[in-house]
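Written below as structure tokens is the structure these notes are about.
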Amino acid sequence: MLSVVEGIFIFVVISESVFGVLGNGFIGLVNCIDCAKNKLSTIGFILTGLAISRIFLIWVIITDGFIQIFSPDIYASGNLIEYISYIWVIGNQSSMWFATSLSIFYFLKIANFSNYIFLWLKSRTNMVLPFMMAFLLISSLLNFAHIVKILNDHKMKNDTVWHLNMYKSEYFIKQILLNLGVIFFFTLSLITCVLLIISLWRHNRQMQSNVTGLRDSNTEAHVKAMKVLISFIILFILYFIGMALEISRFTVPENKLLLMFGMTTTAIYPWGHSFILILGNSKLKQASLRVLQQLKCCEKRKKSQSHI
């Protein structure tokens with residue numbers, strides 16, 4: 001029987017999951033419509049992949065968490081935890097792959113540096129970005145092969161209880177190794193964000209020396225992109241904290257509250273960033289406003305029909 005606090009956490013997690021599926025589903029739907037019209041751009045492809053991978057990631061988070069809460073004995077026998085681990089790695093890595101590609105895209109499109117290499121990359125963004133995405137994908141696949149080896153080696157050492165018989169130090173070391181790809185993507189995103197902030201600061205300093213003091217459209221683009229990237233960093237830090245809490249829960253399996261708090265913190269990232277992307281992207285924002293207007297019109301029609 002769940003306590004009141006645990007029930008609240010379950011409600012919050014389910015609400016976050018619903019919002020996450022709706023937000024990411026909306027992003028994917030808008031870009032799929034553009035794809036059907038042969039209007040899908042590079043940013044549209046990245047956003048579509050990011051939305052799909054995050055929906056997948058949300059379902060993995062919920063499935064894994066609910067199994068640990070309501071049926072923890074399932075993980076003590078059989079190969080379910082192995083399959084969940086593989087699915088988790090695929091969803092996590094693919095989500096971070098697209099998120100890092102999005103960060104690089106904003107950096108190349110908006111940042112402004114006088115460095116020759118950067119200018120060369122910036123002038124060839126549409127050509128360079130696919131190569132960078134391919135490089136990130138290859139590194140992700142290589143890391144996945146390493147993860148498979150870790151999981152197989154660990155399974156051979158633990159025939160009866162797959163996860164819980166491990167020493168704490170060994171367990172945490174293996175978790176770090178399993179998340180090396182995510183750490184790499186996060187570091188790369190952080191670097192692009194910092195460089196973009198530096199570019200924005202320099203541009204604002206130049207604008208302040210101007211007599212008018214007005215911000216041009218380029219500065220507005222810098223600010224919008226910086227908000228998106230900074231929000232991504234903040235949400236992803238929360239995502240890391242949530243994962244750490246869920247991982248720590250295996251050392252104290254009787255503490256369900258710690259797991260629920262970890263799930264709540266982890267689920268903030270895939271749904272929160274999707275709504276920030278909708279508000280930060282003019283096409284997605286306009287599409288969302290049209291949907292809201294249509295919903296309001298439908299509500300008014302229902303009210304008028306009920307009065308007749």
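Along the chain as shown, the residues are counted starting at 1.
Glycine too: its Cβ is placed from the backbone N, Cα and C atoms.
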To which residue among Asn92, Asn112 does Swiss-Prot attach the annotation N-linked glycosylation site?
Asn92
Among Asn158, Asn210, find the residue to which Swiss-Prot assigns the annotation N-linked glycosylation site.
Asn158
In Swiss-Prot, is Arg202 on the same membrane side as Leu2?
no
Looking only at the topological domain 'Extracellular' (64-100), report the model's average pLDDT.
78
In the topological domain 'Cytoplasmic' (28-42), how many residues does DSSP assign to helix, to strand and to coil?
10 helix, 0 strand, 5 coil
Among the ranges 43-63, 101-121, 180-200, 228-248, 258-278, the one whose Cβ pairs under 8 Å to the transmembrane segment (7-27) are most numerous:
258-278
State the count of C-beta atoms found within 10 angstroms of the C-beta of Asn92 (N-linked glycosylation site), not counting that atom itself.
23
